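According to TrEMBL, the protein carries these features:
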- Gly93, Thr94, Gly95, Lys96, Ser97, Thr98, Arg199: ATP binding site (BINDING)
- Ser97: Mg(2+) binding site (BINDING)
- Asp115, Arg139, Gly161, Arg218: substrate binding site (BINDING)
Amino acid sequence: MRELNEINQDLDLCNQKILELLNQHLSLKAEAMNTKKARNLSLLLPEQKISVPKDIPYDEEVQDVLTALESAGKRVGSKCLFDTNIALIGFMGTGKSTISGYLKDMLALKEVDVDAMIVKNENMAIKDIFAKHGEEYFRTCESEAILSLKDCKQSVISCGGGAVIREENVTNLKKTSQIVLLTASPETILSRVKESEERPILNGNMNVDFIKELMAKRADYYYKAADVIIETDHKDVSQICEELLAALTGLKDEV
Ligand SMILES: Nc1ncnc2c1ncn2[C@@H]1O[C@H](COP(=O)(O)OP(=O)(O)OP(=O)(O)O)[C@@H](O)[C@H]1O
Ligand SMILES: O=C(O)C1=C[C@@H](O)[C@@H](O)[C@H](O)C1
Ligand SMILES: [Mg+2]
């Protein structure tokens, strides 16, 4: 049997090699992302995955380490693209929550859904907050939730559809985030949200005319707040995310 200090010396050497390889791996991830950007390739194109052979000892533990490494690689990639948060704004049903979920998975960003924060803080569904306390109370909860995000980093923030009506929310979001406006036609919005009862403003108003009118009332707020605008009609989620990242990266390169 070997002595413990001898084993520890071997472990030290092994750890040094791991550190060197980790640095090399993450630097290659950064190089890959910068190359995709420079050559206008798909920014979300997946890179090779390492598969763990089943017959090695500790295969489950190795898989855990590789999963963490994959996530770290995605974060390195996202840092190459932008160093601010992404705040998604837009009318109900433009896909803010959907796009946010996809970006979170693809770039290992933290995901913050302002509506979900309010539901958690108030321990009540949005439609119940509106019914019990009214819209103004909801808007105050929304402003407090947005203010509390001031230290948030490497995150995708999905805002409620009416968040930009209050100027203070836009000011607070702009301190940490690039603001991306998602748009869709009233017809598209209706087709996406008509089965849901979770949007109190649309309950009893589920028709194109109402959506069109409310959208027109809010248009100035949305367009003024936006750093980037992405139309989402007839596009799938991956296409929208590619466009969004290309536009944000373009913004960064302009600075
Ligand atoms: N690009 C898309 N193509 C087809 N369906 C979509 C697309 N984006 C979102 N959807 C669908 O539309 C519905 C509304 O999307 P989502 O909840 O993401 O909108 P939202 O902007 O977050 O709305 P809200 O402001 O009310 O929170 C969902 O059922 C979602 O699956
Ligand atoms: O557009 C709006 O005013 C709203 C949109 C939702 O995301 C929720 O924030 C709430 O239902 C209000
Ligand atoms: Mg949403």
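Placed from the backbone N, Cα and C atoms, the Cβ positions cover glycine too.
In TrEMBL, annotation is done automatically, which means it is predicted and not curated.
Note that the coordinates shown come from a computational prediction; the quantities given were computed from them, not determined experimentally.
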Q.
Counting across all protein chains present, how many other Cβ atoms fall within 10 Å of the Cβ of Arg139 (substrate binding site)?
A. 16
(Q) The record lists Asp115, Arg139, Gly161, Arg218 as binding substrate. What's the largest Cα to Cα distance among them, in Å, rounded to a whole number? (A) 18
Q. Far apart in sequence but close in space: which same-chain residues, 6 or more away, have a Cβ under 8 Å from Thr98 (ATP binding site)?
A. Val237
Q | Other C-beta atoms that fall within 10 angstroms of the C-beta of Gly95 (ATP binding site) | A | 23
Q: Could you check which of these binding-site residues, Asp115, Gly161, Arg218, sit within 10 Å of Gly93 (ATP binding site), going Cα to Cα?
A: Gly161
Q. Widest Cα span across the ATP binders Gly93, Thr94, Gly95, Lys96, Ser97, Thr98, Arg199, in Å?
A. 16
Q | Gly161 (substrate binding site) CB neighbourhood, other CB atoms within 10 A | A | 22
(Q) Among Gly93, Gly95, Ser97, Thr98, Asp115, Arg218, please name the binding-site residues whose Cβ is nearer than 6 Å to ligand 2. (A) Asp115
Q: Have a look at the binding-site residues Asp115, Gly161, Arg218 and say which one has the shortest Cα distance to Thr94 (ATP binding site).
A: Gly161
Q: List the other residues in this chain whose Cβ sits within 8 Å of the Cβ centroid of the ATP site residues Gly93, Thr94, Gly95, Lys96, Ser97, Thr98, Arg199, in sequence order.
A: Gly90, Met92, Ile99, Ser158, Gly161, Leu182, Arg192, Val193
**Q.** Asp115, Arg139, Arg218 screened against Lys96 (ATP binding site), Cα within 10 Å - retained binding-site residues
**A.** none
Q) So which of the binding-site residues is most packed in, judged by how many other Cβ atoms lie within 10 Å of its Cβ, out of Gly93, Thr94, Ser97, Asp115, Arg218? A) Thr94
